[in-house]
Ligand code: ADP
Ligand code: MG
């Protein structure tokens with residue numbers, strides 16, 4: 001789960017991470033009120049969407065205009081810029097071409113930026129540890145830095161038994177070219193960010209940019225936090241920060257039925273049990289020249305209701321022009337799947353070709369249910385056959 005910048009900053013602040021002062025606003029009037037309370041002389045009006053690259057982004061219909069992060073010098077300008085951003089669609093490198101509608105703003109005091117640095121914390125699967133990454137190349141996408149100038153990134157893996165130690169923070173501070181009292185401030189900053197990361201079960205904490213101000217202070221000018229969904233049950237207060245408007249409506253629906261669903265751009269919907277088989281199914285669809293519309297793992301113990309929900313979910317995506325159901329009945333029984341498929345196909349008045357490949361427990365009964373349903377279901381014998389059939393059926397229907 002992701003949260004907005006202002007929420008991330010507020011959480012980090014509680015742990016002692018230094019952030020500028022600011023306040024959230026939903027209307028231009030609120031933005032002006034926040035700005036007045038902060039006092040000037042410089043404010044920054046920041047679009048709150050769950051995507052980065054806002055500063056360099058552009059609003060839909062106004063490609064020549066200003067971006068989603070604006071530095072202004074009067075209360076009137078705060079209101080004016082807030083009005084230009086709110087309820088408009090911001091397109092950034094991370095939003096994709098459709099962009100995201102800006103519903104909230106963060107009005108922040110303007111910082112006197114001397115240097116822009118990068119600090120990120122994430123779980124590194126290779127070391128099995130929380131890794132702190134830092135770079136002097138702040139403000140840019142870290143992926144680009146990693147690609148073009150990997151030597152400019154320093155990484156420190158933290159032993160969970162000891163936590164962050166002085167030598168870790170010194171290594172990072174020196175790599176960032178910090179000096180004097182900044183080394184101590186950085187140590188406090190990094191230690192606080194690490195504590196937040198662990199306490200809140202984060203997957204990513206990214207501060208980009210981390211700045212050094214003209215006065216030599218260290219501040220988080222931007223903040224992104226992603227939480228480990230599997231640990232959210234331990235953090236009811238964080239769950240409340242969820243902004244469903246920022247999430248994929250299909251994935252919200254899937255989560256309600258405990259389905260593992262990821263929407264993709266293709267036109268062949270897939271319903272599979274098991275993540276590995278689901279990946280293999282997407283691969284083989286591509287091998288036969290098709291494009292999967294989604295990843296969907298219905299899980300091992302799916303019920304008829306869950307299968308029906310999965311089926312409806314796939315069909316609610318208007319890009320779907322064909323469906324491939326690929327089930328290996330191990331724990332899952334093929335007849336249960338077949339019943340779910342038939343019930344769902346009837347309920348939604350199936351209008352696209354459906355190919356079903358069943359194998360495993362009760363496969364004959366499953367096939368019989370499909371055959372006797374009277375629905376135009378194409379039965380397949382193996383994975384390759386199934387993929388070939390669905391790709392062909394979609395092409396023919398087009
Ligand atoms: P994004 O990464 O989505 O573009 P940021 O919060 O990183 O958004 O802002 C983009 C840039 O805007 C920053 O790199 C910084 O130069 C500037 N900026 C952001 N917040 C402030 C602020 N409070 N004061 C001064 N400049 C800011
Ligand atoms: Mg940023």
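Heads up, the Cβ atoms here are built off N, Cα and C, so glycines get one too.
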Among 267, 273, 294, 382 - the residue TrEMBL places in the same substrate site as 330, 331, 332: 273
Listed binding-site residues adjacent to ligand 1, that is, members of 53, 55, 111, 273, 331 whose C-beta is under 6 A away: 53, 55, 111
Residues satisfying Cβ distance under 8 Å from residue 332 (substrate binding site), sequence separation of at least 6: 273, 298, 300, 301, 302, 360, 361
Set of same-chain residues at least 6 away whose C-beta sits under 8 angstroms from residue 111 (ATP binding site): 20, 44, 211, 213, 219, 221
Those binding-site residues in 108, 111, 208 whose CB falls under 6 A of ligand 2, listed in sequence order: 208
Packing count at residue 55 (ATP binding site) (other Cβ atoms within 10 Å of its Cβ): 17
Chain-internal residues, separated by at least six, CB under 8 A from residue 331 (substrate binding site): 300, 301
Listed in sequence order, residues not in 273, 330, 331, 332 with Cβ within 8 Å of the centre of the substrate site Cβ atoms: 274, 300, 301, 302, 327, 328, 329, 333, 360, 361
